[in-house]
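Down below is the structure, laid out as structure tokens.
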């Protein structure tokens, strides 16, 4: 009976209305996903793909290069040094009590074809990060001029194109491979300032910590890349690694061009209620429009901006110990094969995303429930991301070959590092939402130097011996850098909006302090905020 009634009603409707009903249903489905959630997913997957294309060569290099056999000291699970052909007293290789073959012997899929010495390999791996650091300020400038959509999209397109060309370049000459990695470094250096610039106009302050967890797509990317590359290399060869990551980058670019927009006002599918919610909660800090003059002198003389750069230098230092020389420690000291190495190196980075979501959620709750001020919340999260991992990484060096404990501490340290995205890294947007891109570019120019200095120092310390004693020195230096640099943010760090955030004497209402908009936002438009949290 009900079906008959519905059918009769539909027959009485005009034809054009009846035919549009499916579109209305699709529109309702579309409206059910906030535009901020779509931006979150684009940011997450963008950094995931970006870091897959960045780190794939770290594992692929093992299979690309023909390496001579080494004398490896054997240590049992209790840390006892076994006999060595070289007669050395320091252990290089740990054998846990597990069923395994000689991990020092590469499998057929791991044998390389290029006779590149250690210096050449270092140049190939390092060329990305040298150019990456140099392009940070350029990324801030280009984003202010052309917007996030163009800069982030084209940078990903360039990086993916280079990935697809790497196998051919490697066969021609290593110098061509260095050139491609350099281009990737320049392009990837534009991504962070570009995406940070989108946070200010899109995300209210009370949601920023949660949105910043989308940047942890890079951890997910690293976590997927290591085990995936190990599997691909073992079954299909190292060339397929770059074809897979490059193709994923190209596919992501299609979705980015279709779904990303520089501001809510430009979005053609955003709901009126969400648009009102965003505009009412960012209006006090954001000035619409590209091409604003960047106050570079004030940024470069700002103690909070310097505090972010110097403090995060320590976080990057300790993080890249796990990312680049970490797999070498897994191989030469703990004794894992390439596939086990890839899995164990990658898993903590997969966990990092989950931990970042937790830390960012906790940070937002601490602020919105007035447990801590925004500044104190940022300092707390920064301490968790640097001081605690600093002590943990120091402990790793003294655990010897107690592999179970080493892996637990290793995993915990990597996951705690992600608290920085609710700490000092989130302060980039807090202090200058109008110029988040340029501020990040300035800070990244400082702290990303650690991305090549950290593995460089590790390589220098361990160049003569891969012994536990030498690795203790690597971990000790890393701990010292992480803890000491944190003190700078503790003294000079803040979440207060800086006066130079408002160019040309355009400032918020004189009746409001910089913290008033956040207090109001925490209780205003609760429905829009809850939609983002639930999604």
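Keep in mind that glycine also has a Cβ here, set from the backbone N, Cα and C atoms.
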Range annotated as transmembrane segment - as stated in TrEMBL, picked from 94-115, 182-203, 270-291:
182-203
Of the residue ranges 441-462, 507-528, which one carries the transmembrane segment annotation in TrEMBL?
441-462
Ranges 58-76, 305-323: which does TrEMBL label transmembrane segment?
305-323
Thinking of Cβ pairs under 8 Å, which stretch from 123-143, 182-203, 215-234, 305-323, 441-462 has the most of them with the transmembrane segment (343-367)?
215-234
Verify whether three or more Cβ pairs under 8 angstroms connect the transmembrane segment (388-421) with the transmembrane segment (37-54), leaving out any pair fewer than 6 apart in sequence.
no
Can you tell me which recorded stretch out of 123-143, 305-323, 388-421 has the most Cβ pairs within less than 8 Å of the transmembrane segment (474-493)?
305-323
Out of 150-170, 215-234, 240-259, 388-421, 441-462, which stretch has the largest tally of CB pairs under 8 angstroms to the transmembrane segment (182-203)?
150-170
Of the listed stretches (215-234, 240-259, 388-421, 441-462), which one yields the highest count of Cβ-Cβ distances below 8 Å with the transmembrane segment (150-170)?
240-259
